[in-house]
Amino acid sequence: MTQDELKRLVGQAAADYVIQNVPEGAVIGVGTGSTANCFIDALAVVKARYRGAVSSSVATTERLKSHGIKVFDLNEVDSLQVYVDGADEIDASGAMIKGGGGALTREKIVASVADTFVCIADASKRVPVLGAFPLPIEVVPMARTAIGRRVTALGGVPVLRVTKDGAPYITDNGNEIIDVKGLQIADPRGFEAQVNAWPGVVTVGLFAERGANLCLLGTENGVETIVYSAN
């Protein structure tokens, strides 16, 4: 199967999980990116079962609305039973690197209030150690260079994310993103806490403190379900 076929496979598997485990009338937390889009497309078929969704980005909001799925602001919702999102990398503990699509801060906020985080990914995203995929850090623009120096001191190579025109990429929150190459993150929780403590960091794209509870992993043999009992 191609990577796109695997994404559609796990998107459907996540919709099936929601149907089986989330009661009718609930609001669903939805992530951002190409794999999350496959989940949205599958969820649209059964949208009448649910009140709507909480979105993690402008792009996701647009896709949800295009399917006629009502979008709630997180402030309008008391709780979320489930949050479904992709990952750029996921390790054996359920810790992830996320933010390749630029929505890491809102993804982390929505994930933090959900009872269950369901990660959907193809098998190429499963890694023994996080860090081969560049680690995104959303930063307040004036702190970009100072944070870059801190990253360099830890052995990382900071690269400012830019658009096709060469201008700094701007997040939905009005900030910039530094992508850090060359890391091997042996202690994701510790590294997440360390980077988040730097002045000017909005959030780092490590999801270890709030890792996945469940991963639906697309493989050549079908969907593999992995449960992370420690999260």
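FYI, residue positions are counted from 1 along the chain as it appears here.
Cβ atoms here come from the backbone N, Cα and C positions, even for glycine.
Of the residues proposed, K65, K125, K164, the one Swiss-Prot records at the same substrate site as T32, G33, S34, T35, D85, G86, A87, D88, K98, G99, G100, G101 is K125. The binding-site residues under consideration are T32, S34. Their Cβ neighbour counts within 10 Å are lowest for S34. Taken residue by residue with DSSP, S34 (substrate binding site) is part of a helix.
The two recorded residues, T32 (substrate binding site) and E107 (active site, proton acceptor), have Cα atoms 7 Å apart. Taken over all pairs of the listed substrate-binding residues (T32, G33, S34, T35, D85, G86, A87, D88, K98, G99, G100, G101, K125), the Cα spread reaches a maximum of 16 Å, rounded to the nearest whole number.
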